[in-house]
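Participant: Quick paste of what TrEMBL says about this protein:
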- 36-439: domain 'Amino acid transporter transmembrane' (DOMAIN)
- 64-88: transmembrane segment (TRANSMEM)
- 120-141: transmembrane segment (TRANSMEM)
- 161-181: transmembrane segment (TRANSMEM)
- 188-208: transmembrane segment (TRANSMEM)
- 228-247: transmembrane segment (TRANSMEM)
- 267-288: transmembrane segment (TRANSMEM)
- 308-332: transmembrane segment (TRANSMEM)
- 360-380: transmembrane segment (TRANSMEM)
- 386-408: transmembrane segment (TRANSMEM)
- 415-439: transmembrane segment (TRANSMEM)
Amino acid sequence: MGAVAAHGEDGKVSQQGADHQLKELDAGALFVLKSKGSWLHCGYHLTTSIVAPPLLSLPFAFTFLGWAAGVAFLLIGALVTFYSYNLLSLVLEHHAQKGNRQLRFRDMANQILGPKWGKYFVGPIQFMVCYGAVVACTLLGGQCMKTVYLMSKPEGPMKLYEFIIIFGCLMLILAQIPSFHSLRNINLVSLVLTLAYSACATGGSIHIGTSSKEPKDYSLKGDTQDRLFGIFNAIAIIATTYGNGIIPEIQATVAPPVKGKMFKGLCICYTVLSLTFFSVAISGYWAFGNKSEPLVISNFLADGQTLVPKWFVLMVNIFTILQLSAVAVVYLQPTNEVLENTFSDPKRKEFSARNVIPRAVSRSMSVIIATTIAAMLPFFGDINALIGAFGFIPLDFVLPVVFFNLTFKPSKRSIVFWLNVTIAVVFSAIGVIAAVAAVRQIGLDAKTYRLFANV
C-alpha cells in the first residue's frame, strides 16, 4: 500500500497514528523507504543521484552546441529541474498534510492520473531509467578501472569485461545495505568525492588548456543534418545529467513533518551542482574545444601519454570509481523496494531469516544481471541516451508540472499554469526528437557493436 496515513494539518503524527501507519505499510515501504531522515540527509541523497560522473560528459555535449547554446541549455536545465523538483515536492507535501503521504512515484501517478498510469507508464519507465543507471554506472566503473590498469600495464592482458565484473563484486556488497536511509553517510562521502573529482577535472583542463600550444577549435562538426541531430543528442545528454527520477522515494526517507525539508535538500544539491556542472563544462570545452571526449578525463591522455602527472589521473579515476558505486546503489533502491515488496513479509522482523535470505538472494541476482548486461554491452552508453530521452525527460521535466496543475488547479489566467503547460509541451517534443536522435546514433554505431567488446 503506497499511500499511508501520515499526519494532520499541523504536521504532527500521534503515536497511535504512527503505530497504525507501520501496520499498514508494505514490505518495500517498511524496510527500504524508512522515513527517518533529516533535510541534510535528503540533500546528500539528492546530490548523489543528480551530481554524478555523467557531468564529465558535459564538455562533449558542448561540442554539438557551441558556447552560447551550450551555456544556455545548461542554465535552462538547472532552472527547469530545480523548479520541477520543487513542484513535485509541493505536491507530495500537500498529500502528506491531507493524511495521505505518497512514498513512490507510481503511487503519485496512481492517485493523480489513475491506476493504469502508475502501473503501465510511470512504474515501468522509472524502473527502466533507474536500472539503466545501475548498468551505466557499472560499465563506467569498469572503464575507469581499466584506465588505471593500463597506466601501470599498457600492454596488460585484462579485458574490459573483467573490470566490470570486479566493479560488480563491489556492488554485490553495497547492494545488501538494508534501506535508503542507511545510505546517508555513504552519500555524504559521495558529495565530497563529487567536489573532489570535479575540481580535479576543472584543474586538469585548465592546466592542459594553458600549457598546450595547439590552437583550440570550437566550430561545430558535420553537415546540417549531423549538426541538427547533434543538438538533440546534446540536449538528451544534458537532460540525463540533470535527471533524477526518484524524487518521491528520496522525500519518503524524510521523517515527518516533511514540510520545507525537500526545498532545503534541493538547495544543498543545487549549490554543489552549480559549483561542479558549470566549472567542468566550461573549463573542459575551453581546453579541448570540439575534440572533447565523451568523458573529459579521457582528454588527459593523448597517444598513450598523460598530459598531467600519472598520479593525478589515477586520483581522478579512483574518486570517480568510488562515487559511481554510491550512485549505483542509490539507483538500486527502487529495484530493492520492488524486490522487498515481492519477497519479504512485513509482518516479520526486518532481519529475521524469513526476510534476510530472500533479500540477499534477490538483490544479488539484480546486481549480477546488471553486471552481465554491462559486460555484454559496452556500447550501453548509446542505449542509455535512448533511455534518458524516454525516461528522464518525462519523469523530471514533464510529469512534475502536470502533477502540480492537476493537484492545485491554478487559474488558467495565471503565469504558473501557462509556464507549466509550456514546460510540459516543449520538453515532451524535445523528448520525442531526442529519442529519434538516440535511435539514429545507435544505427550509426551498430557496425562497431560486439558482445563483450574490449573498448
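Here the Cβ of each residue, glycine as well, is placed from N, Cα and C on the backbone.
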Participant: Among the recorded stretches 161-181, 228-247, 308-332, which has the greatest number of Cβ pairs closer than 8 Å to the transmembrane segment (386-408)?
Facilitator: 228-247
Participant: Which bits of the chain, at least 6 residues beyond where the transmembrane segment (161-181) starts or stops, bring a Cβ under 8 A of a Cβ in it?
Facilitator: 31-34, 36-37, 41, 45, 134, 138-139, 141-143, 145-146, 149, 249-250, 252-253, 321, 324-326, 328-330, 332-333, 336, 350-351, 359-360, 363-364, 366-368, 370-371, 374-376, 378, 452, 454
Participant: Do any residues of this chain, six or more beyond the ends of the transmembrane segment (64-88), have a C-beta under 8 angstroms from a C-beta of it, and if so which?
Facilitator: 50, 58, 108, 218, 220, 227, 230-231, 233-235, 238-239, 241-242, 244, 247-248, 262-263, 266, 270, 273-274, 277-278, 281-282, 285, 396-397, 399-401, 403-404, 420, 423, 427
Participant: Could you name the stretch, out of 228-247, 267-288, 308-332, 415-439, with the greatest number of CB pairs under 8 A to the transmembrane segment (120-141)?
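Facilitator: Going through each listed stretch, the top one turns out to be 308-332.
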Participant: Residues of the same chain, at least six outside the transmembrane segment (267-288), with any C-beta under 8 angstroms of its C-beta?
Facilitator: 40, 43-44, 46-47, 50-51, 55-56, 58-59, 61-63, 67, 70-71, 74, 78, 82, 191, 194-195, 198-199, 201-202, 205-206, 208-209, 212, 216, 218, 241, 296, 299
